[in-house]
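Student: My questions will all concern the structure given below.
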Amino acid sequence: MVNILIYHSYKELSRAAAEEIASQIQRKADSVLGLATGGTPEGVYDELIDIHKRQNLSFRSVVTFNLDEYVGLGSDDPNSYRYYMTKRLFSHIDIPKDQYFLPDGTNENLLQECEDYEKLITSRGGIDLQLLGIGHNGHIGFNEPGTPFSTKTHTVTLKQQTIEANSRYFHTIEDVPKQAITMGIESILNSKRIILLASGKKKASAVKRLIEGTVDESFPASALHLHPNTTIFIDRDAASLLDD
Ligand code: F6R
């Protein structure tokens, strides 16, 4: 069962999702948040910084875990997700440096890295609120179509469609890493609450399949129907193909 909220604009959607996250932190100062990168959550991070600055929302006790990271990119690489998160959110709020985590894509032992990441999430009490975007093919995190719903944090080889979609951030398509570490579908479903964001016409068919389609491993985001507390925040463009 998923709840659906439709907003007029990307700006309104971003503000509403940020307010949801802020009230989670107000209810529980030491909330554990699951975070995503990509274009969609940028507005949410801007709004969270605004709430932090104007309304003194503190992240001092918050712990965060990002969904994924490219294999081979270190923290000083502008295309790494650690770099993105630092630039877009962490450097603007009061979260201590030892309270935000991303998988380490430079670890030579990737299997160990995945196992340790999963254990770390569990040791912090699990994720209270997980933020997600959605790929055109229904991927969540880097869980591509066909990923079993029972997967925990693991290493993946990216599909060509995902490499192409993400190449907009790189000089050339050849620079896009071929592998990534991602929380698995089961790791995501273990979160107590999930918010999925989708904005724009380009996401309309994925949103339609998510909301009106069947639960099927060929469309990873459909696993969210198995979760007890998921809300989908979409704007009018992303909702434009939905049946009335
Ligand atoms: C990012 C992530 C991805 C993105 C998805 C949508 O951490 O896990 O699943 O959420 O690729 O990306 P955007 O928002 O750029 O359309």
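Glycine too: its Cβ is placed from the backbone N, Cα and C atoms.
When I checked TrEMBL for this same protein, it listed these features:
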DOMAIN    12-227  domain 'Glucosamine/galactosamine-6-phosphate isomerase'
ACT_SITE  ASP68  active site, proton acceptor
ACT_SITE  ASN137  active site, for ring-opening step
ACT_SITE  HIS139  active site, proton acceptor
ACT_SITE  GLU144  active site, for ring-opening step
Student: Just checking: which of the active-site residues ASP68, ASN137, GLU144 have a C-beta under 6 Å from ligand 1?
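Tutor: Checked active-site residues vs ligand 1; flagged ASP68.
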Student: Which of ASP68, GLU144 has the fewest nearby Cβ atoms, counting only those within 10 Å, among these active-site residues?
Tutor: GLU144
Student: Under 8 Å Cβ-Cβ from ASN137 (active site, for ring-opening step), six or more apart in the same chain: what's there?
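Tutor: GLU144, PRO145, LYS159, GLN161, THR162, ALA206, PHE219 - these are the non-local Cβ neighbours of ASN137 (active site, for ring-opening step), listed in sequence order.
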Student: Provide, as an integer number of angstrom, the distance between the C-alpha atoms of HIS139 (active site, proton acceptor) and ASP68 (active site, proton acceptor).
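Tutor: Each residue's Cα considered, HIS139 (active site, proton acceptor) and ASP68 (active site, proton acceptor) end up 12 Å apart.
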Student: Within 10 Å of the Cβ of HIS139 (active site, proton acceptor), how many other Cβ atoms can be counted across all chains shown?
Tutor: 24
Student: Helix, strand or coil: which one is ASP68 (active site, proton acceptor) in, per DSSP?
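Tutor: Once the DSSP labels are grouped into three classes, ASP68 (active site, proton acceptor) ends up as strand.
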